[in-house]
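Undergrad: Pasting a structure below so you can have a look.
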Amino acid sequence: MDVFMKGLSKAKEGVVAAAEKTKQGVAEAAGKTKEGVLYVGSKTKEGVVHGVATVAEKTKEQVTNVGGAVVTGVTAVAQKTVEGAGSIAAATGFVKKDQLGKNEEGATQEGILEDMPVDPDNEAYEMPSEEGYQDYEPEA
């Protein structure tokens, strides 16, 4: 019985030592995980901010190729696109709400397309006649 108790005592010491090592390992792993999550979060934030600015810039470039009658609609779509991307960024916590509506230079993005000159020499897009279209009825 003495041998049995001595064996259990040794096992208990081993478990205590393993638990202590595990506790240290878990604490270290938690610290590294936190660092990793913060790094990914900061990189994602940079990507979201850059992405929103890129969407606005590309939309602005495309508007210069569009006739004057369509500019108003495209401007509204571009503004809603930027607002939507900003809302997603704010909702996910990657961008603070007070950072929304500012581009990388710190100027507001509102009105970015309104001051843009429109080239009157661009050909306007003409809608095709409705004769070539068929009514679509979805299947039940």
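Glycine residues also receive a Cβ, built from the backbone N, Cα and C atoms like all the rest.
These figures come from a predicted structure and were not determined experimentally.
OK, Swiss-Prot features for this one:
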BINDING   Asp2, His50  Cu cation binding site
COMPBIAS  112-140  compositional bias 'Acidic residues'
MOD_RES   Met1  N-acetylmethionine
MOD_RES   Ser87  phosphoserine
MOD_RES   Tyr125  phosphotyrosine
MOD_RES   Ser129  phosphoserine
REGION    100-140  region 'Disordered'
REGION    111-140  region 'Interaction with SERF1A'
Undergrad: Can you tell me how far the Cα of His50 (Cu cation binding site) sits from the Cα of Ser87 (phosphoserine), in Å?
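TA: On Cα coordinates alone, these residues lie 14 Å apart.
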Undergrad: Can you tell me the mean pLDDT for the region 'Interaction with SERF1A' (111-140)?
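TA: 55, rounded to a whole number.
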Undergrad: Within 10 Å of each Cβ, count the other Cβ atoms, then let me know which of the recorded positions Asp2, His50, Ser87 comes out lowest.
TA: Asp2
Undergrad: Provide, as an integer number of angstrom, the distance between the C-alpha atoms of Asp2 (Cu cation binding site) and Ser87 (phosphoserine).
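TA: Asp2 (Cu cation binding site) to Ser87 (phosphoserine), Cα-Cα distance: 70 Å.
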